[in-house]
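The transmembrane segment annotation in TrEMBL covers 62-81, 107-129, 136-154, 166-186, 198-218, 230-252, 300-321, 341-358, 365-385, 400-422, 429-450, 462-482.
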Amino acid sequence: MDSIKSKDQREIELFNIEDKHEDENYDSSHFSLNNDFFLNDESKALKVKEFALELQIDERKLMWKIDFFVLAPFCLLYLIANFDRTHFGLLYLNGITSTLEITQLQYFAACAAFFSPYVFFQFFSNLILKSVRPHFWISISVLFYGAFVLASGFVKSYSGYIACEFFHGVFQSGCDSAVFYILAHYYERRESQKRISYFYSTQHIAMLINTVLCYGINLHMHDRYGLETWRWLLIIEGSITMGSAFILFFILPDFPEGMRFFTNNETLFIVKKLEVYFGKSGYNISFSWKEVGQTLRDPMVWLPGIAAMFLGIIPYDFTYIQSISFNFLGYSVEGAMEKAIYPWICGFLYIIFTGYMSDYFRIRSPFVIVGTIFTIYGLMVLRYIHSVSMKDPWKYSTDFFIACGAYSALPHFIGWATFNLCGHLRRSVATSLMISLSDLSGLYGLFILLNNNIKLTKATTVGYVWEIVSLLLVIAYVCLVYHENKKKRSREYKDSFNELSERKKILVGDKNPSYDYMY
């Protein structure tokens with residue numbers, strides 16, 4: 001078995017195929033993939049099996065190894081990130097405004113101090129990953145934002161809380177979008193959605209644990225050592241996050257070309273396999289800000305970003321409003337948090353099931369559309385049923401529809417749009433845009449659904465209108481995919497693509513006329 005070598009050694013030995021100085025006349029590597037990219041799916045699968053035999057790779061064992069060394073650490077990372085990003089509703093419910101003697105508007109401003117840098121810096125974080133090894137960048141980010149979460153549990157003033165939330169947002173921005181970007185370099189499309197579902201389902205687990213933790217603190221630790229429930233929640237979350245950062249440093253993966261846990265043959269097989277399905281990744285090709293701007297102007301990049309922003313509104317809103325809405329409907333604080341637990345369990349099971357079905361049928365759009373319809377139904381029922389008891393099971397059922405629908409539609413869409421693109425340039429730009437814009441939705445939840453001056457019925461009305469817009473954007477993306485696939489079959493398009501330089505062909509990746517976008 002090949003020894004595991006340093007990143008630089010591996011790149012020199014395995015991937016001397018592209019020049020960092022943008023030499024357009026590079027030589028192909030050991031396996032020429034110029035013709036492989038034009039094969040159908042069955043022929044591509046046979047080609048991959050040939051690579052596996054030549055490199056003596058057991059594909060099933062390697063897939064388990066990728067899941068263990070790549071997917072599992074990212075699931076842990078996302079679990080921790082959601083501990084610290086989705087607690088604002090619980091803090092509000094447990095009296096942070098009264099302790100700090102601040103108004104509701106001031107609390108909104110403090111939360112906005114988190115989201116503003118968090119959204120802004122995500123775009124640049126993915127571009128940095130080309131220069132800094134991901135496991136180092138992400139683990140350092142986790143360590144620092146965990147420190148600010150911990151510090152926010154001890155603040156005595158409003159200004160101190162704002163400062164902590166600002167730097168919390170700065171450092172956490174280096175985590176989330178990087179995950180989708182890196183995952184897209186380990187799995188091909190038919191393998192991707194169930195893995196993304198596993199990854200994204202950790203958000204359900206995080207909210208479940210967060211709610212149970214807050215429920216337990218409220219019962220057993222409130223005012224212990226003079227610290228309120230919300231302080232204990234931040235202290236415990238920050239401590240767990242900082243401790244996890246040291247573990248993540250040793251277990252987080254890098255891109256396949258620099259992966260520490262695979263042999264040379266395993267790394268070579270992963271890269272060549274994905275080159276068969278997606279074309280060359282352009283890992284060693286640098287790109288300019290002008291090319292980043294050109295990528296942003298492509299509707300296959302910016303339309304998914306806008307759709308993700310609308311699809312992300314309800315998941316964030318539901319996170320903030322769930323426990324609070326139960327409290328408004330007549331439950332105690334403890335009862336509200338207890339009732340909030342069960343929809344998360346249901347949503348977790350649903351997203352795993354739909355992820356498997358999506359990969360099995362090799363289609364994405366129906367699962368996104370059904371998820372948005374579930375969400376619209378849940379919000380409409382919550383909005384329009386007034387003639388029943390406030391604690392009626394029919395209203396409680398809406399939480400299950402929203403937990404299943406909204407939290408499955410968003411990851412299915414992001415995974416679909418991410419794996420429709422090829423190459424480091426387009427994936428880095430698109431994933432950072434989608435994740436940052438979907439996270440921008442958090443501000444909507446703060447300013448609309450935590451506002452006591454806005455009734456719950458009005459807030460849910462705005463919510464389902466936005467969800468209808470997201471459904472229309474998803475349908476627009478389906479139409480765009482159809483249009484792009486049809487356009488690629490024209491002789492004019494093929495001739496235009498063939499006139500591009502070899503470097504440009506790699507950078508535009510999925511624009512290759514032989515590559516069909518998935519529906």
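Just so you know, glycine gets a Cβ as well, placed from its N, Cα and C.
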Ranked first among 107-129, 136-154, 300-321, 365-385 for CB pairs under 8 angstroms with the transmembrane segment (166-186): 107-129
Annotated stretches the transmembrane segment (136-154) and the transmembrane segment (300-321) touching (3 or more Cβ pairs under 8 Å): no
Criterion met for the transmembrane segment (230-252) and the transmembrane segment (62-81) (at least three Cβ pairs under 8 Å): yes
The transmembrane segment (400-422) and the transmembrane segment (62-81) contact flag, 3+ Cβ pairs under 8 angstroms: no
CB contact flag for the transmembrane segment (300-321) and the transmembrane segment (462-482), at least three pairs under 8 A: yes
Leading contact stretch, 62-81, 107-129, 198-218, 341-358, 365-385 vs the transmembrane segment (462-482) - CB distance under 8 Å: 365-385
The transmembrane segment (341-358) versus listed stretches 62-81, 107-129, 198-218: most Cβ pairs under 8 Å: 198-218
Distant-in-sequence neighbours of the transmembrane segment (62-81), which means Cβ under 8 A and at least six residues beyond its ends: 138, 142, 172, 175-176, 179, 182-183, 186-187, 191, 195, 198-200, 202-203, 205-206, 240-241, 244, 247-248, 251-253, 259, 261-262, 266, 269-270
